[in-house]
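Asker: Quick paste of what TrEMBL says about this protein:
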REGION    1-20  region 'Disordered'
COMPBIAS  1-12  compositional bias 'Low complexity'
TRANSMEM  21-46  transmembrane segment
REGION    68-103  region 'Disordered'
ACT_SITE  His167  active site, proton donor/acceptor
REGION    256-295  region 'Disordered'
COMPBIAS  281-295  compositional bias 'Polar residues'
Amino acid sequence: MRSPKASSAAQRARPRRRPTAFSRTIGGFGELLITVGILGILFVVWEVWWTGLDANRDMQEAEEGFYSSVDAGQDDPVAAGGDDGLDGREQCGSLPDGTAVPCPERLEEGLEEGGTMAMIYAPRLGESWAAPVREGVDQATLNAGGVGHYPQTQLPGEPGNFAVAGHRLTYGDILRDQDSFQTGDPLYVYSADGYYTYEVTESLVVQPHESEVLAPVPGAPGEDPEDASIMTLTTCHPLFSNRERLITHAELTDFTPLSEQPPDAVAEHLAAQDAPAAGQPLSSGLSTSSERGPR
């Protein structure tokens, strides 16, 4: 019988097994998976969080620039009030009750690719929710935050379809909660021409190629919109995919010239954010998408 000391000495003398090629391969593959996982997490953090910070900064700059430009334009005779509610401009369309809506002349004059043409407010998405509207729907424009106007569609107040697109996730996720809209919800557009009030009429999900939702009469390409003015919001669907498109249509129901007080909901939003209505001085404290209401 061996003594405990002899057994220990024999065990120490026994050579260690060398790892086989298979075990080395498995180990290396495991390390690779861990590295890929870490890189994947970092990419998600960058795409969801960091891009949002950049977009929020861009949106705040766009918002400040828009309010400054509208305020500076109040000396323009086109913005002066008139008895007909057209502020000295030609009539472009009319509301369902027959009220005249002027052509968006000032917006057209200042329109440029990537420029901020208007602000959109949607109380359903939060009291402080506000989206700059830029011209164009290319990646650079949408990645700057806010929404982009489809150049081939009409402008606010014109007969036809004022259609915009925005990210639902990443780069400020401005339309993340678009699926919460309900029929009758108000949408407000504030431009250098006035305040436009739209009411949501329907929401639907379509395939990416179904571009007829952008037609002057959505779903009916070639049909004359007559005096009807529609607004369309488009974003990816479902939330974590771009497999489909979520569409929200709204109809123009009211127009307020800049020479008059804005709609109550817009006035309350601007006051809460220390942002000016037309003709009021610009101040700080403008909202960004990070200050939106609860989701």
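In case you wondered, yes, glycine gets a Cβ from its N, Cα and C as well.
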Asker: According to DSSP, collapsed to three classes, what secondary structure does His167 (active site, proton donor/acceptor) have?
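Answerer: In three-state terms, His167 (active site, proton donor/acceptor) counts as coil.
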Asker: When you measure from the Cβ of the residue listed as 'active site, proton donor/acceptor', which residues in the chain that are at least 6 apart have a Cβ under 8 Å away?
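Answerer: In sequence order, Leu142, Asn143, Asp173, Ile174, Leu175, Thr235, Cys236 meet the Cβ cut-off.
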